[in-house]
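*Asks:* Among the features that TrEMBL reports, substrate binding site is placed at 105, 128-131, 194-196, 200, 247-250, 430, 441-442. The annotation ATP binding site is assigned in TrEMBL to 124, 285, 344-353, 355, 378-381, 405, 432, 438. Annotation source TrEMBL lists Mg(2+) binding site at 124, 126, 348. Residues annotated as domain 'Glutathione synthase substrate-binding' in TrEMBL: 184-282.
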């Protein structure tokens, strides 16, 4: 019943065997039952999202902060260094873009710690290609039906409505409108391999419903067909582009020299990039670690003490591995007690973090080299596991001990100095079996879920 409901609702992915064909599809993996989430922590995560939107926007506008924070990282991490070079080049040339659109997703876990009372702890904030806003818009209906079939109509009625796809489209539409050309299109910049196309189509269809034209292009298409006119308007195949919405471009593997050139062309253009390169840099792990340092938030958000308190209440312990005394001490602490920490590189997209023995081995190897500065350390969060069934195509049905991660989507639009839109746009709950330390839905580890507030 659950699988049929998912297929009917459009909770779909293309298959691994034919990732670019829609003639054979299957359901995206999901939990049989919704998972219990503490209501107070859920509400706290929503309440702080506008503050995080403000913070990401402030970081992206603060050249001095980005330069100082990333100085050690760009010496050893080539990918961040290339992004940073484009960032500087575009600033020196003068920004053509006057409207800024941010779509981010702040991810949290519920840390049970020693006292046993759960606390909301931020894992990371994704500022580029934050996915599953579309499919999660459809998952609650599936869980509603499952609960009814189980004779739990009262519980079914408790599940919250949730439509991030609509909220994300609202932000894109606002940016398109402020760009000011009715004829211009929104361009989704997409991967070569597009298994998760239906998630994107949910957002795309919301835009078509507003009579906003959408085109889907890859970096290679931009390299071959993209051009700028004298006032740096971006044209693809003769069509003016108002908004570039990145669903690609966050991992080093996708960039060859042509794709770096395409990225530079997009960044130099007047089109509204979501995210622009400064906002992508604002989402790096090194920036996250620096934000947790005493006094940093006060510098970035002067005059917002309440916002700062709400943000800081969600931080887990984050530690620098920069060269020097502090970094030496943290490296030694983590090698001695690797189960206390997670080692994070400057990468997006899930499946990159190191734990336990693997963390110790890597740190042992790089502890005396500058390479360690391309990582940060974070306290390992200890959530309370619960039982659920993870439904995956072609997998045996078994009950698993699971933990969940809650993401809140945020959308903001700024024109010049004025923030014209700043809101939370919905939520995403992902659940995985406890034996998997790391990885999201697209990485094949976590599955889609719906919060049941308790």
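Backbone N, Cα and C define each Cβ position, glycine as well.
Automatic prediction, not curation, is the source of TrEMBL annotations.
Just tell me what is around each of these and how deep it sits.
*Replies:* Cβ contacts within 10 Å of residue 432 (ATP binding site), excluding its own Cβ and spanning all protein chains shown: 24.
Counting every protein chain shown, 20 other Cβ atoms lie within 10 Å of the Cβ of residue 124 (ATP binding site).
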*Asks:* Other than its own, how many Cβ atoms are within 10 Å of the Cβ belonging to residue 355 (ATP binding site)?
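*Replies:* The Cβ of residue 355 (ATP binding site) has 15 Cβ neighbours within 10 Å.
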*Asks:* If you skip the near sequence neighbours and keep only those at least six away, which residues in the chain come within under 8 angstroms of residue 248 (substrate binding site), Cβ to Cβ?
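*Replies:* When sequence neighbours closer than 6 are ignored, residue 248 (substrate binding site) has 129, 189, 190, 191, 218, 219, 254 within Cβ distance under 8 Å.
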*Asks:* When you measure from the Cβ of residue 105 (substrate binding site), which residues in the chain that are at least 6 apart have a Cβ under 8 Å away?
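*Replies:* Spatial neighbours, sequence-distant, of residue 105 (substrate binding site): 125, 126, 130, 133, 407, 408, 409, 410, 428.
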*Asks:* When a 10 Å sphere is centred on the Cβ of residue 380 (ATP binding site), how many other Cβ atoms does it contain?
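*Replies:* If we count other Cβ atoms within 10 Å of residue 380 (ATP binding site), we arrive at 18.
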*Asks:* Counting only residues 6+ away in sequence within the same chain, which have a CB under 8 Å from the CB of residue 345 (ATP binding site)?
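*Replies:* Spatial neighbours, sequence-distant, of residue 345 (ATP binding site): 77, 285, 352, 353, 374, 375.
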*Asks:* Rank aside, I only need the closest one: which of the binding-site residues 131, 195, 200, 250 has its C-alpha nearest to that of residue 432 (ATP binding site)?
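*Replies:* Sorting the binding-site residues by distance from residue 432 (ATP binding site), the top entry is 131.
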*Asks:* Relative to the Cα of residue 195 (substrate binding site), which of the binding-site residues 124, 348, 355, 380 has the closest Cα?
*Replies:* 348
